[in-house]
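*Asks:* Annotations for this protein, taken from Swiss-Prot, read as follows:
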{"type": "DISULFID", "residues": "Cys50-Cys127", "note": "disulfide bond"}
{"type": "DISULFID", "residues": "Cys72-Cys75", "note": "disulfide bond"}
{"type": "CARBOHYD", "residues": "Asn42", "note": "N-linked glycosylation site"}
{"type": "CARBOHYD", "residues": "Asn66", "note": "N-linked glycosylation site"}
{"type": "CARBOHYD", "residues": "Asn74", "note": "N-linked glycosylation site"}
{"type": "MOD_RES", "residues": "Thr204", "note": "phosphothreonine"}
{"type": "TOPO_DOM", "residues": "30-157", "note": "topological domain 'Extracellular'"}
{"type": "TOPO_DOM", "residues": "180-215", "note": "topological domain 'Cytoplasmic'"}
Amino acid sequence: MHRDAWLPRPAFSLTGLSLFFSLVPSGRSMEVTVPTTLSVLNGSDTRLPCTFNSCYTVNHKQFSLNWTYQECSNCSEEMFLQFRMKIINLKLERFGDRVEFSGNPSKYDVSVTLKNVQLEDEGIYNCYITNPPDRHRGHGKIYLQVLLEVPPERDSTVAVIVGASVGGFLAVVILVLMVVKCVRRKKEQKLSTDDLKTEEEGKTDGEGNAEDGAK
């Protein structure tokens, strides 16, 4: 077959390229990483971590960030911090001066710190990120749980005792199996030796009888 026979026509190539570029998105979506639930002690300071992965360098002129708060999943969102060329703290009445930006957009970190956490701060915190030319806006959601006291540590003594008992039992079983195996092996070796000895004695007796008959 001639080489030109299987080459695509120019018109077909242009059509195929047009279709290809129409299907390929102009930007790639980012991934936002946040903890699903964050439990903190009442009156303490806590960091609400929010980081993202992007294939593009952060351009502060195009990059944008919104932090919002919700009392419940069906409640309306209240914006309390944003980034437009610079950090803008909206200082909502519920937070006052207790919110502080502790991230670095250039390092793909847009975390915030909430100081002197109160019971009323419990709820949902949303982190919205836009980093053109990424087409899709990134979103992270954190549920903040405020505790009145530190939960008691789990007593691991029982688990340790059970683990030690099971481990000891298994060790004994393994030891017994090894002893039984050794005893069986010794018996088998002894039987093999006895059989071989009997066979040799039989051969010796046979040779002796043959010599007597010849005489």
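From the backbone N, Cα and C atoms, a Cβ is placed for every residue, glycine too.
Please situate the listed features within the shown structure.
*Replies:* Cys50 (disulfide bond) falls outside any helix or strand according to DSSP and counts as coil.
Of all the Cβ atoms in the protein chains shown, 11 others lie within 10 Å of the Cβ of Cys75 (disulfide bond).
Applying an 8 A CB threshold to same-chain residues 6+ apart, the list for Asn42 (N-linked glycosylation site) reads Val117, Gln118, Leu119, Val146, Leu147, Leu148.
Neighbour list (Asn66 (N-linked glycosylation site), Cβ cut-off 8 Å, at least 6 residues apart, same chain): Met79, Leu81, Gln82, Asn126, Cys127, Tyr128.
In the three-state DSSP scheme, Asn74 (N-linked glycosylation site) falls into the coil class. Remark: Asn74 (N-linked glycosylation site) has no non-local neighbours by Cβ distance under 8 Å and separation of at least 6 in sequence.
Confidence over the topological domain 'Extracellular' (30-157), given as mean pLDDT on the 0 to 100 scale, stands at 94.
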*Asks:* Counting across all protein chains shown, how many other Cβ atoms sit within 10 Å of the Cβ of Cys50 (disulfide bond)?
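*Replies:* That number is 27.
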*Asks:* Where among the disulfide-bonded residues Cys72, Cys127 do you find the Cβ with the fewest other Cβ atoms within 10 Å?
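*Replies:* Relative to the other disulfide-bonded residues in Cys72, Cys127, Cys72 has the fewest Cβ atoms within 10 Å.
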*Asks:* Would you mind splitting the topological domain 'Extracellular' (30-157) into helix, strand and coil residue counts from DSSP?
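*Replies:* Breakdown, helix to coil: 7 helix, 57 strand, 64 coil.
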